[in-house]
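Have a look at the structure below before the remarks.
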Amino acid sequence: MNMPSWLIFLLTGWTFCGNFFACGGLDYDYPNYENEEEKNEAIDYKDPCKAVVFWGDIALDEEDLKMFHIDRTIDLTQHSNEKLGHTTGGLEEHDLSKKRGALYQLIERIRRFGSGQENTTANSQKVDNNQSGKSKKIRIPRAATSRTERIWPGGVIPYVIGGNFTGSQRAMFKQAMRHWEKHTCVTFIERTDEESYIVFTYRPCGCCSYVGRRGNGPQAISIGKNCDKFGIVVHELGHVIGFWHEHTRPDRDDHVTIIRENIQPGQEYNFLKMEPGEVHSLGESYDFDSIMHYARNTFSRGMFLDTILPSRDENGLRPPIGQRTRLSKGDIAQARKLYRCPACGETLQESTGNFSSPGFPNGYPSYTHCIWRISVTPGEKIVLNFTTMDLYKSSLCWYDYIEVRDGYWKKSPLLGRFCGDKLPDVLTSTDSRMWIEFRSSSNWVGKGFAAVYEAICGGEIHKDAGQIQSPNYPDDYRPLKECVWKITVAENYNVGLTFQAFEIERHDNCAYDYLEVRDGSSENSPLIGHFCGYDKPEDIRSTSNTLWMKFVSDGTVNKAGFAANFLKEEDECARPDNGGCEQRCVNTLGSYKCSCDPGYELAPDKKSCEAACGGLLTKLNGTITTPAWPKEYPPNKNCVWQVVAPSQYRISMKFDYFELEGNEVCKYDYVEVRSGLSSDSKLHGKFCGTEVPEVITSQFNNMRIEFKSDNTVSKKGFRAHFFSDKDECSKDNGGCQHECINTIGSYVCQCRNGFVLHDNKHDCKEAECEHRIHSSNGVITSPNWPDKYPSRKECTWEISATPGHRVKLSFSEFEIEQHQECAYDHLEVFDGETEKSSILGRLCGSKVPEPLVATGNEMFIRFVSDASVQRKGFQATHSTECGGRLKAEAKPRDLFSHAQFGDNNYPVQADCEWILMTERGLRIELNFQTFEVEEEADCGYDFMELFDGHDASAMRLGRFCGSGPPEEIVSTGDAVLIHFHTDDTISKKGFHIRYRSVKYQDILHTK
C-alpha cells in the first residue's frame, strides 16, 4: 500500500468527535507557565493545552483512541504517571488524580482496542455482507473519507499575533508563514472579520497546535518557552495546515526501527502509530527529510542513544531525520496535493519579478490552469505590466483568458479579465497582494503572455485600518529606499498608529536610516517624531483624519525595519459623559479606560472610584510603605504614589525591606516605579519576590510608584524612602563636553571611550588607547562610540579571563571603512595575549561579523584607522565559554569551574569539558584547591567526572560531588578529560584545580 509522506489530518469515521492537536514534539523541557499571557488577551480561542490526556504531544479524548494502531509489545501499564506531558507540560493544568484517572482510562481503552483488532475487522466484513449485496467492496466503519471541513477554504489562513511577543518574534513568525506561502498555495493573512482564524499565543504546554481548521471561532497555536525558533514555528504551522507527525504513519516500520529499550520510561506510548484506514494516501513515499519527522534521539534515555533508527538506503547509509530548518521536497509536494495547488504558477515574494504562460513564446497548451500569487511587504503596492499578450480571443474572454484580482485570492476584487492580442493597461494593486489566474480551453496556438511586476513603497492609503511595514520586512530592508505614505481615514476620526516591531539603524540624530511621522497630509505638517534605533515608538495619534509617514534608508547598514498597524481612532473621553468615568478618562488607541485621582482606585465596575492608599507627595524626602505595614498587606489593593520635586531635581528611591508574592514575570503582586506621573511613563522596573531592588533615580523631577496585590497570597510588603537631589547635568549638560554624571550633592564629567578628562574637569582630549581587561564579561567599543571614530587612531585591548575559560567576542554593531583586504581602517583579533599570536580575523565593512572564540583565556584586539574615511565603528561584548584544550607543563596552572569563581556560585544547566594534555611519557597531576558541588548519594545532580584519556570512552577515574576527591589524582597517560555538569536548581561555590605535568618516577619518589 502506497502511504502518504505525512500523516495528514484527513480523518475519517462518523464516530469521530474528539479534539486533536499536535505539538513540536522534539525534546523540549517546559516549566509551568500557566496564565503567562498578558492580562489584556481577550480572545476566547480554542486552547490546545486543555486536553484529557496526551499521546505524546497530541491531545486525545476517549473517542479519539479509535484513531490509532496499538503495538501490543508496549505495556502501557508500566508508564510513569509523573512523566506525562514531558515535552509540553499540558497535563500540569490538571491535578494528579485527574492525570492518573485519565491515563488509566487511556491505557484500558488502548489495551481493549489493541486486543480486539481482528474481531473488529471480521465484524466490519460481516456488516457489509448483510447489506444488499450490490457492492463487492469491503467497508470498514472508519472509512478513508476526507474531512474537508478541516481544510482551510481556499488555502487562506487568517491569523492574529498575541500582544505578548517581541518584535523579533513577530518577524520570525511572519518569516515562517512566508516560507509556507513561498512553496505552496497556502496564504496567511492578518485577520479582519473572519470567524475562524489562528492566534499565536504563549501557552503552558509549550509548542502546541491543533491539526487543521477547527472552525466556529479562533484556535490557538502556542509558541511557548524555547519554541520561538524558525524551524519549530514552521513545524507548528504544518499542524495548522493539516499534518500529523511523520513517524506515526501506519507503514513506518518499513522505513524506521523503534528501539524500545532506549526510550525513556513512561514515554513508550509516543511511538504508537495510526491505522491504515485513518489516513488518506496521496501517493507520496515516506519522507525522512520531513520537517514533521521526529529526531533519532527523541524521548531517549541518553543524548547519543537512538529511539528511531532509519533504515539504510541503497548506498548503505542511514538518512538523517528530525531537521528543523526548512520544508522538504516531500513536505511541499504533500501540501500542494492537499490544497490542490495548480501544477502551474507560484508565489512571488521578491520586490521585482516576471512570469509568463507555459511554453512562452512557443505557444501554450490547451486546458491549462495556472495561478500566480504576488505578495510583497504591507505598505507596498504592486505594479503589473504585461509585455506580451497573444491569447485566443472570444466574447467576454470565455475560453482562454488571464484574470487579475486586487488581493490574496479568487474572491478579491477583479482588476481585469484579458484575452486577444491587445496589451492591457498597467495595473496597480491597492494593497500588497495580487492574484493572477490563467486558463486555456481552446486548441488555438498563440504565443501566450509575459508580464513583469514591481513593488513600489508608499502612496496614498484610504482605509480605516491596515498595516504598514518597511520594504522587505520581516527581512532586512533594502538600501537607498525612500517611501512616503499618506494615510486617510473617515471624517471626524483621527489616525492611530501602533508599532509591533521596530529595528532601524541607530544614530543619535537618526542621520542615516529613519522613520519620520507628521501630523497631517504633507511633509510640511507638524512633526510628531523622527525615529530610529531599536526601541518601539510610543503609540501615535493624529489630530485630524490624516497622517504622513516617510521611511528612508542609506546605502550601508540595513536592519529588520518596522511593522505598524494604523486604525481610525476616536476620543471616547471627549464624549459628554466622560466615557462613563467618575473621575478620569484615559483615551487609548482603539479604546479607553477609566482611572482615578491620586489617593483613589477603581472600583470593581471599572468606572467609579473609591478611597485608596497612595497620594501626591511634594516633600524633598519621605517614606513609603505598603498598606498595613509591617503586617501583611491586604488583597486586591492598588496604591499609587506621585512624588514631585522642584525643577532641575531628581528623585531617588531606596527600598529598605522588600517581600512580595513573586513569579518570573511579576504578574500577581508587584510594585512599578516610573519616571513621570502617568501610568505610561518610562518604566524603571517591575518588582516582586524577595530580592531588594537597586536604588532607582528618576529621569525628571517626578516619580510614580504603583503597588498592586491580587486576591490570593499576601506578604509583608515593602518599606522605601525617597530623597531629592539637584541635577546639575540637566542644564547645559553641566558644562561637560561629553557626558555629565549626576551624583548625590554634586556631578562629574566623563569622556567617551578613547578620550580622557582635561585638567579643567569638563573638557575631553584624546588619550592613549590601550586597555587591559581582567573581567569575565563586558563591552568594548571603538573610540568616540557611538559617534564616528577619529582618524589616525590605534587602540588595543588585552583581555584576560578566568583560567580554563575561553574568551568569546560577539559584535552587536559594526561599521568600519570597507576594503576588500581591510587595508585601511580595520579591526584585528588575535588568539592570545599579543599581536604575535595566531590571528582569528581581520575585519572591516558594515556586515556584523560572526562571534570569535579564542582557544584559551586570553585575546588581543587591535583597531586601526587611517587619515581619510571615518565610520561609526563597532560595539562588541566579550564573555567566556567554558571548556577547551589545555596544556599541562611542569609549572602548575589553574583551572576554575566557572568564569566568576569566587564572586558567584557556578551557573545552572552548565555542561563543560576540558581536555588536559602533556608531552608523551609524562603524566598529569590534579590537586583540588577548592571543591564544593551540590551533594547527592550518586552524584546525579551536579558533578565533575574525570576520564583517564582524551574522551569519555577512556577509563573513568571517578564522578565527584560534595567536597570532592580526598586527595590528588594522577593520570596513567598523557591526557585527562574533565566533565562538569550542573542541573537547573541548586548551585554551589564550584571547584579550583591546580594541574601540572609530572614524571612517573617523581610520583613514586613522592609517595
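Each Cβ is built from the backbone N, Cα and C atoms, and glycine gets one as well.
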Disulfide-linked residue for C749, taking Swiss-Prot as the record, within C736, C764: C736
Cysteine from C769, C822 that Swiss-Prot links to C795 by a disulfide bond: C769
Cysteine paired with C613, where Swiss-Prot records a disulfide bond, from C585, C594, C596, C639: C639
Candidate in C585, C594 joined to C573 through a disulfide, as Swiss-Prot lists it: C585
Subset of disulfide-bonded residues (C207, C208, C822) lying within 10 A of E236 (active site), CA to CA, in sequence order: C207, C208
Spatial neighbour of C844 (disulfide bond) that is closest, considering only the binding-site residues H235, H239, H245 and their CA atoms: H235
Those residues of the chain, 6+ apart, with a Cβ under 8 Å from that of C882 (disulfide bond): G804, H805, R806, H898, A899, A910, C912, W914, F980
Residue pair C457 (disulfide bond), C573 (disulfide bond) - Cα distance, angstrom, rounded: 35
Candidates C341, C581, C609, C751 (disulfide-bonded residues) with Cα within 10 Å of C573 (disulfide bond): C581
Candidate with the highest Cβ count within 10 Å, taken from the disulfide-bonded residues C457, C751, C822: C457
Disulfide-bonded residues compared (C208, C581, C729, C749, C764) - highest count of Cβ atoms within 10 Å: C208
All-chain count of other Cβ atoms within 10 Å of C573 (disulfide bond): 18
Local Cβ density at C844 (disulfide bond) - other Cβ atoms counted within 10 Å: 22
Cβ atoms near C585 (disulfide bond) (within 10 Å, other residues, all chains): 20
